[in-house]
Amino acid sequence: MNQKTILVLLILAVITIFALVCVLLVGRGGDGGEPSQLPHCPSISPSAQPWTHPGQSQLFADLSREELTAVMRFLTQRLGPGLVDAAQAQPSDNCIFSVELQLPPKAAALAHLDRGSPPPAREALAIILFGRQPQPNVSELVVGPLPHPSYMRDVTVEHHGGPLPYHRRPVLFQEYLDIDQMIFDRELPQASGLLHHCCFYKRRGRNLVTMTTAPRGLQSGDRATWFGLYYNISGAGFFLHHVGLELLVNHKALDPAHWTIQKVFYQGRYYDSLAQLEAQFEAGLVNVVLIPDNGTGGSWSLKSPVPPGPAPPLQFYPQGPRFSVQGSRVASSLWTFSFGLGAFSGPRIFDVRFQGERLVYEISLQEALAIYGGNSPAAMTTRYVDGGFGMGKYATPLTRGVDCPYLATYVDWHFLLESRAPKTIRDAFCVFEQNQGLPLRRHHSDLYSHYFGGLAETVQVIRSMSTLLNYDYVWDMVFHPSGAIEIRFYATGYISSAFLFGATGKYGNQVSEHTLGTVHTHSAHFKVDLDIAGLENWVWAEDMVFVPMAVPWSPEHQLQRLQVTRKLLETEEQAAFLMGSATPRYLYLASNHSNKWGHPRGYRIQMLSFAGKPLPQNSSMAKGFSWERYQLAVTQRKEEEPSSSSVFNQNDPWAATVDFSDFINNETIAGKDLVAWVTAGFLHIPHAEDIPNTVTVGNGVGFFLRPYNFFDEDPSFYSADSIYFRGDQDAGACEVNPLACLPQAAACAPDLPAFSHGGFSHN
């Protein structure tokens with residue numbers, strides 16, 4: 001081979017190698033190698049925007065930091081120098097417990113929203129604890145107008161018919177600290193021998209923690225609480241590490257020095273005091289079960305034992321978000337509404353409109369309840385009325401990518417509770433549009449003609465979460481393109497446990513060597529103020545019946561014909577359905593206006609609940625949560641019946657501040673402004689798979705509000721997201737099928753913000 005031939009071959013080899021490299025580079029850019037740089041998707045700022053001008057939507061906006069500060073300053077001046085910061089207040093002190101928005105009267109709000117009248121005065125509601133007065137009491141004061149308050153008025157008598165007894169007040173954080181100090185510094189040393197033996201006791205080392213129960217006693221006027229003791233497991237749920245010791249603390253006295261331990265329960269037996277327990281232990285009369293301190297190992301920890309894997313699926317907005325959040329107002333092409341958070345009652349929405357027409361004045365969580373069973377005193381007496389702790393107060397920051405989609409819009413919440421200055425929960429709400437991965441409607445036709453039509457369901461969601469002791473609640477309000485509204489809550493977090501002893505099968509399941517997962521029910525109550533084509537509404541019940549008949553063309557044969565039954569419910573008693581009773585399968589509120597087909601325009605309430613049995617009515621505390629007895633009740637709307645529960649019901653359910661059953665007094669509901677009160681819940685018998693946490697799957701309940709002849713046809717028919725093509729069309733052409741354009745429209749990389757978390761303390 002001559003030199004010239006070799007040179008030609010070398011040149012050809014270089015060209016071939018260069019061509020192969022080019023092919024490889026192009027291939028890697030398009031088929032899974034190092035990706036070529038995609039353009040960023042167009043986007044609007046993912047954060048909520050502040051108010052740009054005074055507007056109607058601010059009627060329902062929670063108080064700003066500036067407004068909370070102004071109210072606090074005004075009250076401090078008016079109530080005098082005797083006020084103590086609630087963060088350090090003793091029971092014998094005067095303090096401002098809470099300040100939050102006083103909702104405007106509905107008539108005044110609608111006059112402003114619909115007729116352009118001046119907005120009602122913006123006001124705050126403050127709860128004051130007067131422990132230093134000759135007759136200690138709790139008062140409610142309305143302060144206004146905001147942002148520059150000039151008046152306050154005492155509304156305690158107006159709201160409650162008289163002064164509120166002081167024993168009904170919520171337990172302040174300082175009171176819990178004083179109880180802990182009493183238990184650990186004064187009481188537990190009396191049983192140090194037993195505690196060293198069973199529980200690795202370290203005086204002042206605090207390897208143990210307490211957990212409260214509620215209510216606090218056995219009759220009105222009591223303030224005596226069972227506290228369970230658990231290992232203090234850092235970084236994991238102590239709720240699963242019960243050591244078998246429970247203490248009944250009487251903390252009714254205004255001076256903590258006079259608080260006492262009334263009873264002691266240890267691993268299945270009752271004692272009069274810790275000193276008696278210690279004496280019997282020293283005498284060899286106490287059968288002690290040693291409880292290992294497992295630390296954060298095993299299944300108690302939420303830290304995964306496996307390394308991270310590939311990134312999970314991610315939803316994003318290829319052409320930018322299709323909704324906006326300004327202040328507390330959410331707007332999309334279909335839905336608008338205002339949102340907020342009651343300090344005690346939790347999430348709420350107002351002035352909900354679909355395609356510009358108001359459907360709902362208010363949907364608000366009212367109360368949540370967990371009733372426990374067990375063979376220890378703490379377990380058997382626990383009825384957590386969560387509004388008494390505060391479902392807004394104990395809202396938590398939402399973790400991006402876990403609690404909500406990574407690209408959701410996050411909104412802060414400002415509050416003033418047990419403090420002289422307002423605090424902020426960062427990312428307390430999230431708002432997002434979600435593709436459900438499910439068709440809202442579809443049909444594929446191979447019969448007579450060939451075509452496909454459908455619509456992928458995308459929903460607008462607003463979400464918040466509350467962590468109340470061991471449980472985490474997810475509160476969802478979901479808006480569908482069909483005009484339906486879905487309200488749902490989920491329970492997750494840690495179960496509440498008890499020390500395992502005796503015949504436990506009646507009270508739950510064993511979930512660890514010494515741990516009983518105690519049976520309990522979850523219930524939540526919602527206020528639904530529907531305004532269907534106006535304020536005058538009627539309640540209709542429809543169901544089904546089979547009616548026997550002779551077959552018309554063959555009379556000797558019988559046929560069971562399915563028919564619809566209809567009944568107008570005219571009184572509150574007729575529209576109050578007890579838990580477990582037969583409820584019409586279709587119950588809807590309707591106006592006296594008709595749709596195109598002559599039917600009353602209505603909205604149906606469809607339950608999604610498998611609630612446990614309510615507390616028997618002969619229970620001494622049943623009045624404290626009488627709403628739990630009704631799966632659904634419809635009443636006349638009254639300003640003097642704003643809520644079905646009260647922050648004060650937890651600590652005195654025996655003489656309830658608000659008894660919901662009083663709302664149902666057989667008044668007419670025909671052609672009136674109506675409120676539907678809905679209970680959703682479920683029975684939870686904890687099991688092994690609740691360790692370490694209860695999962696949301698199967699533990700979500702709620703209800704739908706669905707149009708029922710409200711429209712002339714399905715409003716989603718007009719959705720710009722609809723897809724339709726025939727068999728003789730090219731479904732891959734953009735002009736025929738918008739989904740065919742998706743490879744170009746969505747050929748962009750989402751602009752992901754840096755991960756952030758709202759933290760574990762509020763500033």
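Backbone N, Cα and C atoms are what each Cβ position is placed from, and that goes for glycine too.
The candidate list His414, His684, His687 contains one residue that Swiss-Prot assigns to the Cu(2+) site with His520, His522, namely His684.
Of the residues Glu542, Glu556, Glu570, Glu572, Swiss-Prot puts just one in the Ca(2+) 2 site with Glu641, Phe663, Asn665, Glu667: Glu572.
The DSSP secondary structure for Phe663 (Ca(2+) 2 binding site) is helix.
Across the structure, His522 (Cu(2+) binding site) and Asp673 (Ca(2+) 1 binding site) are spaced 30 Å apart at their Cα atoms. Annotation note: Cys734 (disulfide bond) sits in a coil segment as assigned by DSSP. Every protein chain shown contributes to the tally, and the Cβ of His684 (Cu(2+) binding site) ends up with 22 other Cβ atoms within 10 Å. Computed over the topological domain 'Extracellular' (27-763), the whole-number mean pLDDT of the model equals 93. Separation of the C-alpha atoms of Cys430 (disulfide bond) and Cys741 (disulfide bond): 30 Å, rounded to the nearest whole number. Counting Cβ atoms from all protein chains shown, Cys198 (disulfide bond) has 20 others lying within 10 Å of its own Cβ. In terms of local Cβ density within 10 Å, Leu530 ranks first among the recorded positions Cys199, Cys430, Leu530, Leu674, Cys741. DSSP assigns Cys430 (disulfide bond) to a strand in the three-state reduction. Under the three-state DSSP scheme, Glu641 (Ca(2+) 2 binding site) falls in the coil class.
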